[in-house]
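Chemist: In case it helps, Swiss-Prot gives these features for our protein:
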type: BINDING; residues: Gly10, Leu11, Gly12, Glu13, Gly14, Arg15, Met108, Lys109, Leu110, Arg111; note: CDP binding site
type: BINDING; residues: Thr39, Asn41; note: Mg(2+) binding site
type: BINDING; residues: Thr95, Tyr96, Glu103; note: FMN binding site
Amino acid sequence: MIIEGEVVSGLGEGRYFLSLPPYKEIFKKILGFEPYEGTLNLKLDREFDINKFKYIETEDFEFNGKRFFGVKVLPIKILIGNKKIDGAIVVPKKTYHSSEIIEIIAPMKLREQFNLKDGDVIKILIKGDKDE
(Lines of atoms letter the chains of each structure in order from A and count residues from 1; the text may use other names and numbers.)
(Lines give C-alpha, C1' and ligand atoms only; values in the text may rest on other atoms or scores of the structure.)
Protein backbone atom coordinates (compact mmCIF):
# COMPACT_ATOMS: atom_id res chain seq x y z
CA MET A 1 0.00 0.00 0.00
CA ILE A 2 1.32 3.45 -0.91
CA ILE A 3 0.22 6.47 1.12
CA GLU A 4 0.85 10.10 0.28
CA GLY A 5 1.29 12.77 2.92
CA GLU A 6 2.14 16.43 3.27
CA VAL A 7 5.18 17.40 5.33
CA VAL A 8 4.14 19.43 8.40
CA SER A 9 6.00 20.79 11.41
CA GLY A 10 5.72 18.99 14.72
CA LEU A 11 6.15 19.98 18.33
CA GLY A 12 9.79 18.89 18.56
CA GLU A 13 9.06 16.20 21.15
CA GLY A 14 10.28 13.39 18.91
CA ARG A 15 13.79 14.83 19.14
CA TYR A 16 13.80 14.43 22.92
CA PHE A 17 12.50 10.86 22.94
CA LEU A 18 14.76 9.70 20.11
CA SER A 19 17.78 11.08 21.96
CA LEU A 20 17.20 8.66 24.85
CA PRO A 21 19.51 5.60 24.74
CA PRO A 22 16.75 3.03 25.48
CA TYR A 23 14.64 4.21 22.52
CA LYS A 24 17.72 4.27 20.26
CA GLU A 25 18.54 0.68 21.25
CA ILE A 26 14.95 -0.50 20.77
CA PHE A 27 14.67 0.99 17.29
CA LYS A 28 18.10 -0.27 16.24
CA LYS A 29 17.16 -3.80 17.34
CA ILE A 30 13.77 -3.71 15.57
CA LEU A 31 14.70 -1.79 12.42
CA GLY A 32 18.41 -2.43 11.97
CA PHE A 33 19.32 1.26 12.05
CA GLU A 34 19.74 3.98 14.64
CA PRO A 35 17.19 6.69 13.87
CA TYR A 36 17.98 10.35 13.48
CA GLU A 37 16.99 12.22 16.66
CA GLY A 38 13.73 13.63 15.37
CA THR A 39 10.64 12.64 13.43
CA LEU A 40 9.19 13.78 10.12
CA ASN A 41 5.48 14.47 10.44
CA LEU A 42 3.14 13.81 7.54
CA LYS A 43 -0.46 14.99 7.32
CA LEU A 44 -2.64 12.51 5.48
CA ASP A 45 -5.95 13.14 3.76
CA ARG A 46 -7.61 10.49 5.95
CA GLU A 47 -7.19 8.87 9.35
CA PHE A 48 -4.38 6.36 9.75
CA ASP A 49 -5.01 3.25 11.84
CA ILE A 50 -1.79 1.36 12.57
CA ASN A 51 -3.88 -1.51 13.96
CA LYS A 52 -4.72 -2.54 10.37
CA PHE A 53 -1.07 -3.48 9.84
CA LYS A 54 1.48 -5.91 11.28
CA TYR A 55 3.28 -3.59 13.67
CA ILE A 56 5.72 -4.27 16.50
CA GLU A 57 4.83 -2.96 19.95
CA THR A 58 7.59 -2.07 22.39
CA GLU A 59 7.37 -2.35 26.16
CA ASP A 60 7.20 0.53 28.62
CA PHE A 61 10.51 1.07 30.44
CA GLU A 62 12.17 3.11 33.17
CA PHE A 63 15.18 5.31 32.53
CA ASN A 64 16.86 7.64 35.02
CA GLY A 65 13.97 7.12 37.44
CA LYS A 66 11.27 8.09 34.92
CA ARG A 67 8.70 5.88 33.23
CA PHE A 68 8.52 5.93 29.44
CA PHE A 69 5.74 4.42 27.37
CA GLY A 70 6.14 1.92 24.58
CA VAL A 71 5.37 2.63 20.95
CA LYS A 72 3.89 0.84 17.98
CA VAL A 73 6.48 0.57 15.20
CA LEU A 74 5.61 -0.13 11.56
CA PRO A 75 8.57 -0.57 9.16
CA ILE A 76 8.10 1.30 5.86
CA LYS A 77 9.95 2.49 2.77
CA ILE A 78 10.00 6.25 2.26
CA LEU A 79 9.74 7.10 -1.44
CA ILE A 80 11.39 10.38 -2.41
CA GLY A 81 12.21 10.85 -6.08
CA ASN A 82 13.82 7.60 -7.22
CA LYS A 83 15.08 6.80 -3.69
CA LYS A 84 13.68 4.21 -1.27
CA ILE A 85 14.74 4.88 2.31
CA ASP A 86 14.19 2.47 5.20
CA GLY A 87 12.10 4.02 7.91
CA ALA A 88 9.18 3.42 10.24
CA ILE A 89 5.93 4.94 11.36
CA VAL A 90 5.96 5.30 15.13
CA VAL A 91 2.80 5.69 17.17
CA PRO A 92 3.48 6.45 20.84
CA LYS A 93 1.00 5.20 23.45
CA LYS A 94 0.72 8.84 24.50
CA THR A 95 0.40 11.27 21.59
CA TYR A 96 -1.00 14.72 20.94
CA HIS A 97 -1.34 14.22 17.20
CA SER A 98 -4.63 13.63 15.45
CA SER A 99 -4.98 10.33 13.59
CA GLU A 100 -4.34 12.14 10.27
CA ILE A 101 -0.76 12.93 11.37
CA ILE A 102 1.88 10.20 11.27
CA GLU A 103 5.41 10.39 12.67
CA ILE A 104 8.21 8.86 10.63
CA ILE A 105 11.69 7.92 11.77
CA ALA A 106 14.65 7.26 9.46
CA PRO A 107 18.43 6.91 9.72
CA MET A 108 18.94 10.51 8.59
CA LYS A 109 17.31 13.92 8.86
CA LEU A 110 14.96 13.64 5.90
CA ARG A 111 14.22 17.38 5.76
CA GLU A 112 17.92 18.16 5.23
CA GLN A 113 18.84 15.16 3.11
CA PHE A 114 16.05 15.81 0.60
CA ASN A 115 15.49 19.56 1.12
CA LEU A 116 11.92 18.97 2.33
CA LYS A 117 9.75 21.87 3.45
CA ASP A 118 6.30 22.11 5.00
CA GLY A 119 3.77 21.50 2.25
CA ASP A 120 5.95 19.10 0.23
CA VAL A 121 4.27 15.79 -0.55
CA ILE A 122 6.04 12.46 -0.19
CA LYS A 123 4.97 8.83 -0.45
CA ILE A 124 5.53 5.90 1.84
CA LEU A 125 5.24 2.21 1.07
CA ILE A 126 3.69 0.02 3.76
CA LYS A 127 3.88 -3.76 3.63
CA GLY A 128 2.34 -6.12 6.11
CA ASP A 129 -1.40 -5.54 5.92
CA LYS A 130 -3.00 -7.76 8.59
CA ASP A 131 -5.04 -9.48 5.86
CA GLU A 132 -1.94 -10.56 3.89
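Glycine is no exception: its Cβ is also placed from the backbone N, Cα and C atoms.
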Chemist: Let me know how many other Cβ atoms fall within 10 Å of the Cβ of Leu110 (CDP binding site).
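Modeler: Excluding its own Cβ, the number within 10 Å is 22.
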Chemist: Between Gly12 (CDP binding site) and Glu103 (FMN binding site), find the distance joining the two CA atoms and give it rounded to the nearest Å.
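Modeler: Per the Cα atoms, Gly12 (CDP binding site) and Glu103 (FMN binding site) stand 11 Å apart.
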Chemist: By CA-CA distance, flag whichever of Gly10, Gly14, Met108, Leu110 among the binding-site residues is nearest to Thr39 (Mg(2+) binding site).
Modeler: Gly14
Chemist: Cα-Cα separation of Glu103 (FMN binding site) and Asn41 (Mg(2+) binding site), in Å?
Modeler: 5
Chemist: Using CB atoms and a 10 A radius, I'd like the single residue among the binding-site residues Thr39, Asn41 with the highest neighbour count.
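Modeler: Sorting the candidates by Cβ neighbours within 10 Å, the top entry is Thr39.
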Chemist: Please work out which residue of Gly10, Gly12, Gly14 has the most C-beta neighbours within 10 angstroms of its C-beta, and give that one of the binding-site residues.
Modeler: Gly14
Chemist: Suppose we draw a 10 Å sphere around the Cβ of Met108 (CDP binding site). How many other Cβ atoms does it contain, all chains included?
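Modeler: The answer is 13.
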